[in-house]
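Chemist: Attaching a single structure in structure tokens format; questions to follow.
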Ligand SMILES: O=C(CO)[C@@H](O)[C@H](O)COP(=O)(O)O
């Protein structure tokens, strides 16, 4: 079951609720919300206030990607604002297990993100606790970057690890995903595809959601 997660980073912030509703009507399952602090990544974006403002306008699953240092300081605020899942970066946490546990205790789903260069073994012993693993396919910080193909074997390896151990974590990918790269990541085992510029930068974002889904589904159908 593939899920499409438009990233609001590329959306029209002046008309955010309408932009979000457009992709929701097109069947996108997750709304990917990129939170950046100007420290962990060079860019600054949004905080819990915006998540709270958006929450009444959408029933989509709010997938909040915290690209921030010491994320433990803000977990409760984002959950209270309406996040369904909080994803933290392994590289940004000194005590990753403690942060994961903190998120689980709020009742929200929990994800851990890995930068393109970060090996999978940093999450080896906490994988059973995770609902989602986000493998970055660009270096985090900006939309519109080029997909890094060297991450494909990592997606494949994680997919096998999850299957072999009977685990349930979803594999999400983020960065440079469009109708051309979606088949590659879907074939490798990704099941949640984040797309920012390919959706909100397209003349018809709803059509872009359909195109990315169709491309990925055709690729996975060819394997089965
Ligand atoms: O987290 C990030 C960037 O750090 C992403 O979610 C981007 O927003 C994806 O944008 P595109 O690469 O799809 O344009």
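Quick reminder: no glycine exception, Cβ is built from N, Cα and C everywhere.
Values in this document were obtained by computation on a predicted structure and should not be read as measured data.
So TrEMBL lists the following for this protein:
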type	residues	note
BINDING	7, 65, 141, 142, 143, 144, 174, 175, 176, 196, 197	substrate binding site
BINDING	32, 34, 65, 174	divalent metal cation binding site
ACT_SITE	34	active site, proton acceptor
ACT_SITE	174	active site, proton donor
Chemist: Where does residue 7 (substrate binding site) sit in DSSP terms: helix, strand, or coil?
Modeler: strand
Chemist: For residue 141 (substrate binding site), which of these binding-site residues sit within 10 Å, Cα to Cα: 32, 34, 65?
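Modeler: Near residue 141 (substrate binding site), where near means Cα within 10 Å, the binding-site residues are 34.
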Chemist: What is the one among the binding-site residues 141, 143, 176 whose Cβ has the most other Cβ atoms less than or equal to 10 Å away?
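Modeler: Per the Cβ count within 10 Å, the most buried is 176.
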Chemist: Among the binding-site residues 7, 197, which residue has its Cβ surrounded by the fewest other Cβ atoms within 10 Å?
Modeler: 197
Chemist: Let me make sure I understand the span of the substrate site: among 7, 65, 141, 142, 143, 144, 174, 175, 176, 196, 197, what is the greatest distance between any two Cα atoms, in Å?
Modeler: 17
Chemist: Looking at the binding-site residues listed here (32, 34, 65), whose Cα lies nearest to that of residue 7 (substrate binding site)?
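Modeler: Checking each of 32, 34, 65 against residue 7 (substrate binding site), the shortest Cα distance is to 32.
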Chemist: Counting across all protein chains present, how many other Cβ atoms fall within 10 Å of the Cβ of residue 174 (substrate binding site)?
Modeler: 26
Chemist: So if I draw a 10 Å sphere around the Cβ of residue 34 (divalent metal cation binding site), how many other Cβ atoms end up inside it?
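Modeler: Neighbour count, Cβ to Cβ under the 10 Å cut-off: 24.
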Chemist: Tell me the Cβ neighbour count for residue 65 (divalent metal cation binding site), meaning other Cβ atoms within 10 Å of its Cβ, over all protein chains shown.
Modeler: 27
